[in-house]
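According to Swiss-Prot, the protein carries these features:
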{"type": "ACT_SITE", "residues": "ASP653", "note": "active site, proton acceptor"}
{"type": "BINDING", "residues": "ILE540, GLY541, GLN542, GLY543, ALA544, SER545, GLY546, GLY547, VAL548, LYS563", "note": "ATP binding site"}
{"type": "COMPBIAS", "residues": "24-38", "note": "compositional bias 'Polar residues'"}
{"type": "COMPBIAS", "residues": "68-82", "note": "compositional bias 'Low complexity'"}
{"type": "COMPBIAS", "residues": "89-114", "note": "compositional bias 'Polar residues'"}
{"type": "COMPBIAS", "residues": "148-160", "note": "compositional bias 'Polar residues'"}
{"type": "COMPBIAS", "residues": "173-185", "note": "compositional bias 'Polar residues'"}
{"type": "COMPBIAS", "residues": "302-314", "note": "compositional bias 'Polar residues'"}
{"type": "COMPBIAS", "residues": "374-383", "note": "compositional bias 'Pro residues'"}
{"type": "COMPBIAS", "residues": "394-407", "note": "compositional bias 'Low complexity'"}
{"type": "COMPBIAS", "residues": "411-424", "note": "compositional bias 'Polar residues'"}
{"type": "COMPBIAS", "residues": "429-455", "note": "compositional bias 'Low complexity'"}
{"type": "COMPBIAS", "residues": "474-493", "note": "compositional bias 'Polar residues'"}
{"type": "COMPBIAS", "residues": "494-504", "note": "compositional bias 'Low complexity'"}
{"type": "DOMAIN", "residues": "534-785", "note": "domain 'Protein kinase'"}
{"type": "REGION", "residues": "1-160", "note": "region 'Disordered'"}
{"type": "REGION", "residues": "173-200", "note": "region 'Disordered'"}
{"type": "REGION", "residues": "300-513", "note": "region 'Disordered'"}
Amino acid sequence: MSNDGFSSLKFRRTSSKLQKDPPSVSSRILRSQQSNTSLKRHPSAPVHPRSSVTGSREHSRTRSNAYGSSSSSLEQHSGGPSPVLAGGDSNNSFSSKSRPGRFSFNTDPSSDELTGSPFDSRGMLSALEENTAESEKSPPPQPPTLRSYHTSPDSRGLRQSASFTALQNRMDTFTQKSENDQSTNTKRHSDEANGTKVFGRSKKSSFSSFVNSMLGSPRGIKISAPENPVHVTHVGYDNQTGQFTGLPKEWQRLLQENGISKKEQEEHPQTMVDIMRFYEKNARGDDEVWHKFDHAYAHHQPTANTPGSQRNSPPTSPRFPQNHEGSFENPRAPPPIPRGAPAATQAMSPPIGGLVPSRAPPKPPAPANMIPARPAPQPPVARPPQDAYANQFSTPPISESEPLPSEAQRSRSNSKTNGAQPQWAQPGAIASPAQYQQQQEQAMAAAQQAIVQNQLERSRSQRQQQSRGPEPKQPTQMGHSQHANDHTTALQSPQKAQPVPAARPRQRARQSNAVDVRARLLAICTPGDPTKLYYNLNKIGQGASGGVYTAYQHGTNNCVAIKQMNLDLQPKKELIINEILVMKDSKHKNIVNFLDSYLHGLDLWVVMEYMEGGSLTDVVTFNIMTEGQIAAVCRETLNGLQHLHSKGVIHRDIKSDNILLSLDGNIKLTDFGFCAQINDSQNKRNTMVGTPYWMAPEVVTRKEYGRKVDIWSLGIMAIEMIEGEPPYLTESPLRALYLIATNGTPTIKDEHNLSPVFRDFLHLALKVDPEKRASAHDLLMHPFMSLCSPLTHLAPLVKAARLSRAQEKAQKGGA
């Protein structure tokens, strides 16, 4: 075939194929070509993507695209003569150069050598088949192997649109580097670079990414997986299966050991969830209420090596030796001691059944991270009967959280009766009492110093983080905390060498507020040296945070009670301020009189009225009270509560331990550490505080509550005066919470022996629905108040309790 014939044939082929495309589109595309390259032969070029360049743009295509099967491909009629494969070489590559005109042919000498060559269609098809097979065997890494070779004219027109040219140039730079590594310098017409549909999606993705980066369009935020996740126990209830979900094995054992059967769990699933959530929060947390549970099991523990601490008679004062400062000032051990508790329950309670000589102090019942160290309980030395009262003051009402070294002798478990300090008269129980006491004092001093040092270092570290320049107050106030300089100096270097261990947020908050609390106390307290105002201090109680003393005031010779508290050992110092302010503002005949307060060195001295008769717990433990005497106690307590409620204060811990008596029978409320302020804007609380056996159902179930919780506790205290103990005292604390929440109003033994008016009084005070429960004012108007005996009729009960306590201590001493 001649050259003219070949040209005419090619022209006819080109024209026939161009008729399939819209003429306007093809014309626009062909006119946009700017490449001036010519067809070049590459004899041994490997199979790889080819690059189509339009100006500065490149586009990678696979070799197999050279002559696709699609009749619409421009590659078959790109305007150049059809090359002929020499010798059927399948590895040859073909390149063409764009031309300025639509139908202009290349006149470059390099293309002339192909002109006039015979058209070998069979060889060309063979080469195409071999190249296609080879491309399928080893496809290039990028882009992926193309399986469709159809080219859309519209797509080409869009890409070559003038409005997209600038963006396209920028877009191609993102992929140019990777494509250059895999492409050759072979050049084609720019319109031959059109991708297939598969490749179009890739280009579209790149184009969208580029436009988003240029226009600042928001991309989907990529959230990484959590790092170092900590699983928090979540307990639920499946209504379909009737089973708890996510209940830890420890909780399952705890429920079983506390006598809560699966049937009971299924009958009251929501109650169980509420109680267990409360336990989860408080068992490891800052709430002293849970640590009050300690004494509920203390009487189960065998008192090893302390034979004198064993009970000789049921009425023995419950509070005796469990002088554990973090313990639950819980109930005295009831006269009938529960014996059926499994051994596992004992594991729940701290090993404090008795003070074991020559042994390190027991670990606290709560997790170790709650308190850095806890001082060993110091055995009380033989003291006069005023102990009962002293122990009341040694209570740390100040902290509603942490096993606040609840100054050991506060509750019936340790505060009131002679039994509360069985070690007083136990010289025979220990070979050398002096050595034993010395060991305990040394252990206590070491533990207290460790706590102080740890807190001082954390305070110093916290202040350094908050501000590099020390505030004027801080050096002065922290200077008071430098009483253990030798120890803190030794501690500073290791503390600086390694970062301070991350404390819980609550602890950091307490440390950051320590200086402010001290500053507020300085504003509240009376300046001066209390040691010059009071003399003849006689220690009548000891707690981890300080001691309780009786003293006489210079000038008046009035006997007062002084509670000394080491501020550095108080977990929640702000509660001290709360207690002082409540007592200052609560001048009433039925509230223990607050006399004064002083900051003396590291200690806070709180001076109060001394109630030498002790607590009501002693009276109910050793005596049987008449309805008239019970009515008198209820009336005086209600008067004090009405005064508090009128000032927007909820006591939240009404029980016999916190009712003090004088030798004349006068009755006063004490222990305002759990008090809460309520007002018009916040007239409800939902914090679970108090002593569980006296808690109202709405407190146990963690509903909102108000003043009526004190009325429920008063009703329980009335039952306590009838039976000698509150309901469920023989049950484990967890089961007691369950029973309070599910049973509602407790049953009273021999209720038929009570007068109808007394039963009605109890019925109104123990309504489960707080809205239906009577108020303090309502109960003061109740007919039961007409039965009140004179307060002087209580004096014999106080004296009898003191005598019984003295006898009990004598028995312990002679054992």
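Numbers run from 1 along the shown chain.
Positions of Cβ are set from backbone N, Cα and C atoms, glycine also.
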Next on the checklist: Using a 10 Å cut-off on CB atoms, tell me which of the binding-site residues ILE540, VAL548 is the least crowded.
Outcome noted: ILE540
Item to check | Between GLN542 (ATP binding site) and ASP653 (active site, proton acceptor), the C-alpha gap once rounded to whole angstrom | outcome: 21
Item to check | In three-state DSSP terms, the structure that ASP653 (active site, proton acceptor) belongs to | outcome: coil
Checklist entry - For ASP653 (active site, proton acceptor), what is the tally of other C-beta atoms lying within 10 angstroms of its C-beta? => result 28
Item to check | Whole-number Å value for how far GLY546 (ATP binding site) lies from ASP653 (active site, proton acceptor) (Cα to Cα) | outcome: 22
Checklist entry - If you average the pLDDT over the domain 'Protein kinase' (534-785), what number do you get? => result 89
